[in-house]
């Protein structure tokens with residue numbers, strides 16, 4: 001047992017010394033929210049490269065309502081970073097999935113609550129927006145100016 005604890009301490013120490021960036025802690029929460037709100041035949045991954053804003057980066061005008069959900073989510077994260085000094089990609093938070101809605105916990109104005117509300121709003125928006133197959137994997141250089 002003592003060897004196990006020592007090895008664990010060494011591993012943690014080495015990770016810290018290696019200056020490895022933290023993993024997106026809330027990504028799992030956001031994925032779970034999305035899975036809860038979207039149609040059963042879709043996977044959360046199908047939303048990762050959709051339109052001009054769903055996925056990494058974003059530019060131009062959103063091409064439809066679903067893409068607008070991602071645009072709003074990107075801006076929400078941007079506001080959380082700039083106005084509240086939060087780190088949305090690593091911020092953990094508490095929430096509950098119940099009766100086809102999502103409840104975020106925590107005091108209003110805290111980073112945890114702000115980021116949860118960003119993810120909640122986006123996930124509910126995904127669930128209420130049509131997924132148009134031809135908007136998946138689009139040529140963003142051509143369509144997102």
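Using N, Cα and C of the backbone, Cβ positions are placed for all residues, glycine too.
Features as listed in Swiss-Prot:
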ACT_SITE  73  active site
ACT_SITE  119  active site
BINDING   53, 55, 57, 74  Ca(2+) binding site
DISULFID  52-144  disulfide bond
DISULFID  54-70  disulfide bond
DISULFID  69-125  disulfide bond
DISULFID  76-118  disulfide bond
DISULFID  86-111  disulfide bond
DISULFID  104-116  disulfide bond
SIGNAL    1-17  signal peptide
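Distribution of Swiss-Prot features across the structure.
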residue : record              : Cβ contacts under 8 Å, 6 or more apart
52      : disulfide bond      : 58, 59, 60, 61, 62, 63, 67, 71, 138, 140, 143, 144
57      : Ca(2+) binding site : none
69      : disulfide bond      : 54, 122, 125, 126, 129
74      : Ca(2+) binding site : 53, 58
76      : disulfide bond      : 117, 118, 121, 122
86      : disulfide bond      : 80, 111, 114, 115
116     : disulfide bond      : 26, 29, 93, 94, 95, 104, 105, 106
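Around residue 73 (active site), the same-chain residues at least 6 positions away in sequence with a Cβ under 8 Å from its Cβ are 53, 118, 119, 121, 122, 125.
Cα-Cα distance from residue 55 (Ca(2+) binding site) to residue 70 (disulfide bond): 8 Å (rounded to the nearest whole number). Secondary structure at residue 76 (disulfide bond), as computed by DSSP, is helix. All chains included, 19 other C-beta atoms sit within 10 angstroms of the C-beta of residue 111 (disulfide bond).
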